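Structure record follows, encoded as structure tokens.
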Amino acid sequence: MTLLEIKNLKKVYTARFSNQQTEALSTVNFSVKEGEFVSIMGESGSGKTTLLNIISTLDDATSGDVYLDGNPLSKIKDKEISAFRRNKLGFVFQDFNLLDNFTIKDNILLPLVLSKTPIGEMESRLMPIVRNLGIEAHIDKFPYEVSGGQKQRVAVARALITQPKIILADEPTGALDSKASQNLMETLKGINETGQTILMVTHSTRAASFSNRVLFIRDGAVYHEIYRGEGSADDFMDRITQSLTVLNSRGERDE
Amino acid sequence: MNNRFFSSMALRNIKSNRQLYIPYLLSSTAIITMFFLMVSLLTNKFVQERSASLPMLFMVGVIVIAIFSVIFILYTNSFLIKRRKKEIGLYGILGLEKKHVAKILFFETVITSLLSIAAGLVAGLIFGRLVFMLLNYLLRLPTDIAYSTSLVSVAATFGLFIGIFGITFLYNVSQFTFANPIKLLKGKQEGEKEPKGSLILFILALVFLGWGYWISITIPDPLAALEKFFLAVLFVIIGTYLLFISGSIFILKAMKKNKRIYYRPGAFISISGMLYRMKQNAVGLANICILASMVIIAVSTTATMFIGAEETLENSYPYENNMKVFGDSEDIGAINSRFFELQEQLREETEAAGLEVTEMESYRYQNMYGQLEGQQFIFEQSLIDGSELPVFLQILPLEDFNAMSGNSYSLSDDEALYYHSTGTYQKDELTIGEQNYRLSAIENEFSEEMALTESLVLVVPDISHIKQLKEDYEKQFPDDVYLTVDAEIGWDTTGTEEEKREFAEQMNDEHSWAEDHHYEARLLQREEWYSINGGFLFLGIFLGLLFTIGTVLITYFKQVSEGFDDREKFQIMQKVGLDKDMIQDSTRSQIVWMFLLPIVIATIHVSFAYPIVRKLLLIFGVTNDVTWLLSFIGVVIAFAAIYWMIYRVTSRVYYSIVK
């Protein structure tokens, strides 16, 4: 079943004081099925972040639309957009975006508090998630008291607690060392195996190798995609690396 | 590396941290201006000459503002430096030695302190002159209050603030000397730690407040009030800071523990935010509270003096022109002819001056004292006699009463009209001396002063009854033969203020101390009062204005600095689904803290200050408690309204920053 569908998405930025236009996304088409773990890869400036921002409703598309569960995001009223983001989407950011004035526990509960969830409900959701992510010992600490890997797990817990339709992860391993990255990706994979849909933007081939499918984006369009299939993670990683090499060399020839 | 390098580096740092330094420089300048103006007031001619106790009181004011300045600048500085920890930690990592960092900080301090002191002095000179001009124009006091200052004031301001900025420099250097660069890099993220022994602090707060209040409540006389006033103020200020620091942390933590309160969007964001910077938050609130108390005391006391003065003037001089005619105790009938004769004469004199009489009231009366017992009024010889306060009795003839009140009562020989100030005498008859009257009640057509002591007014059928009562009295007290029938003549005239004044001066020359009468013009009395006391009103308004501006700036600084501090947090929260309504919700839930708390505690302070301030007011001849209370309530409400506006505007600024 298709959960997320991106149709003819186009985004053009116009500079404020001139007519010069920059095309961030030319035509993007792809879809994500429920339960899938999709990675989007590409060079800096290829339009990955713009794409993710539009899916996150943080930015508007110039034309085309994004459908979640068959409903176009552009039809959501301004007033409902925050609630939509809170209830339907979960976010994991490169720089964690945890709040220093909240304890780990309160950071995780933040979206639920904003949705005015009853306390009992909040607490019953909290424990299984933190236990699962192995951060239950730290829930009364503050973000600046735990390591980077733990911070990112907290962010994952915060994304999961609203039971979102889809988790949007923007370079989640970008600020982590290799061991913590490995750990986090295994966690995300585990979460995906329980049926959670994940869409991740990344630079890292290793991180991408944990997903089921990788989309390659270049100059504002989806260029190529490969499926993991039945192969091992290492095997998949090699294929991703090859694809990247081919894509890059072909790109150079095109120019 | 020479000093030139460090000083240009310091200048660049300040420029690049504009967002932090502009509010800092502005509020430092404001507080320096405030202090400088206060010190300058010490050299003011009115303060020096009006009363020996005024310079002392203003000295208290100067010291209070000096203490306040120390706390305020240290508070804003600690806030500033916390936000710059990362930047300065980076210097360490980039290889600057600690003494180099200290040099940069030194030049930064020199630049900011010289800048703000210079700006403060200039602003003080300009603002002082302008406001003095404006107030002189608005108040039109008989003598203008001149703005004055002296080199000593400038030097005192300079010295104090160089000292304070010196302390901030040492504080900042110590912050960086005892911390390693990595910790500094993280410094901004860490929340403030709860002060150690906050329970002890809380108890200390109550002790200081209680002590200050106790001094005020138990003050025996004005002289002691003058001596102890400073001590009481000092204790209350210390107590306020401690109370806000320990108390607000207690309350916030308790609120955080209560899940039902804490886990709601507005409270969740605001409580955690306030706990994150608990000391800073508490000091800011205490600053607002102390300034609010100062505004309320300065304005309500001066307002009391002036409303009180107007009341006294209105009571003592119900008409523009007032003539008292003294009767002759030996020839009681003489007043009757003299009474009409004078009225005619005054009317003529008024017309001769080219004015017309618009209203004239005149009556003859006799005053007595005594007690009401059953249906009887028992004479008493003088005020000191009884253990109870005597009842004041004024007797008027019907003819004069009808004329002055515009009524047309008629009375038979055994009837009388009465007015009783407490309204407790409800009987139909009254025996007085050897006379017995059937009574009917009338409204108070007489002086408002009747309300001060229990008073009875009796209107008798004609002047012969008064004569009779005098004889009855003299039968009882044969030695006391000085009772006279006197008369009051009061009249208003047409004409401009100038013409009235001319007339009053002319009348004053001719009649002020004539043999059997005495003239007083309300206009001249008022002018005399204002020329003695006008400076109080002036200074009261000036201080009220000064402290209100202080409150505005401090509230503004608090909101702006916290806004920039919270901005990043709100942006993150918006990413995970915080909407704009909820931002407003969370700023709204700060109302209780930002708005109510300082006002309520300031009101409590001022209520407890009431006894000591009342004693101080006695020195300046203010005795009216009711007026005090009313103007106090009025000022509290007015200030709350002004502060509400300040709060609304500044919280809108906060909202637009974090949005």
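Counting begins at 1 with the first residue displayed.
Cβ atoms are placed via backbone N, Cα and C, with glycine included.
DSSP places the residues of the domain 'ABC3 transporter permease C-terminal' (B:60-181) in helix, strand and coil in these numbers: 104 helix, 0 strand, 18 coil. Among the features that TrEMBL reports, domain 'ABC3 transporter permease C-terminal' is placed at B:60-181.
Outside the transmembrane segment (B:21-42), and at least 6 residues removed from its termini, the chain residues within Cβ reach (under 8 Å) are 14, 48, 55, 58-59, 61-62, 65-66, 68-69, 72-73, 76-77, 80, 112, 115-117, 119-121, 123-124, 127-128, 147-150, 153-154, 156-157, 160-161, 539, 542, 546-547, 549-550, 553-554, 556-557, 560-561. Among the features that TrEMBL reports, transmembrane segment is placed at B:21-42 (among others).
Taken from TrEMBL, the feature transmembrane segment applies to B:54-76 (among others). Panel annotation: around the transmembrane segment (B:54-76), residues 23-24, 27-28, 31-32, 34-35, 38-39, 41-42, 46-48, 160-161, 164-165, 167-168, 171, 226, 229-230, 233-234, 237, 241, 280, 283-284, 287, 290-291, 294, 543, 554, 557, 561, 616 of the same chain, lying at least six beyond its termini, place a Cβ under 8 Å from a Cβ of the stretch.
Summarising the annotation, TrEMBL assigns transmembrane segment to B:104-132 (among others). Long-range contacts of the transmembrane segment (B:104-132) within the same chain: residues 3, 6-7, 9-11, 13-14, 21, 24-25, 28-33, 35-37, 40, 88, 91, 96, 145-147, 149, 154, 157-158, 161-162, 165-166, 168-169, 172-173, 176, 542, 545, each at least 6 residues beyond the stretch ends and with a Cβ under 8 Å from a Cβ of the stretch.
Among the features that TrEMBL reports, transmembrane segment is placed at B:152-178 (among others). Same-chain neighbours of the transmembrane segment (B:152-178): 28, 32, 35-36, 39-40, 42-43, 66, 69-70, 73-74, 77-78, 81, 85, 88, 92, 98, 101-102, 105-106, 109, 112-113, 116-117, 120-121, 124, 184, counting only residues six or more beyond its ends whose CB sits under 8 Å from a CB of the stretch.
Listed by sequence, the residues of this chain that lie at least six past the ends of the transmembrane segment (B:199-217) yet keep a Cβ under 8 A from its Cβ atoms are 228, 231-236, 238-243, 245-247, 250, 608-612. If you look up TrEMBL, you'll see B:199-217 (among others) marked as transmembrane segment.
Taken from TrEMBL, the feature transmembrane segment covers B:229-252 (among others).
Among the features that TrEMBL reports, transmembrane segment is placed at B:284-307 (among others). Remote same-chain residues near the transmembrane segment (B:284-307) are listed as 64, 68, 71-72, 75, 236-237, 240-241, 243-245, 248, 533, 536-537, 539-541, 543-544, 547-548, 550-551, 554-555, 558, 593-594, 597-599, 601-603, 605-606, 609, 613, 616-617, 620, 622, 624, 627-628, 630-632, 634-636, 639, 643 (criterion: CB distance under 8 Å, separation of at least six residues from the stretch ends).
Residues annotated as transmembrane segment in TrEMBL: B:536-557 (among others). Beyond the transmembrane segment (B:536-557), the same-chain residues lying 6 or more positions past its ends with a Cβ under 8 Å from any Cβ of the stretch are 23, 26-27, 30-31, 34, 37-38, 41, 44, 46-47, 50, 61, 72, 76, 131-132, 135-136, 139, 141, 145, 284, 287-288, 291-292, 294-295, 298-299, 301-303, 305-306, 594, 620, 639, 642-643, 646-647, 650, 653.
What TrEMBL lists as transmembrane segment is B:591-613 (among others).
The transmembrane segment annotation in TrEMBL covers B:625-646 (among others).
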Mean of pLDDT values spanning the domain 'ABC3 transporter permease C-terminal' (B:60-181): 88
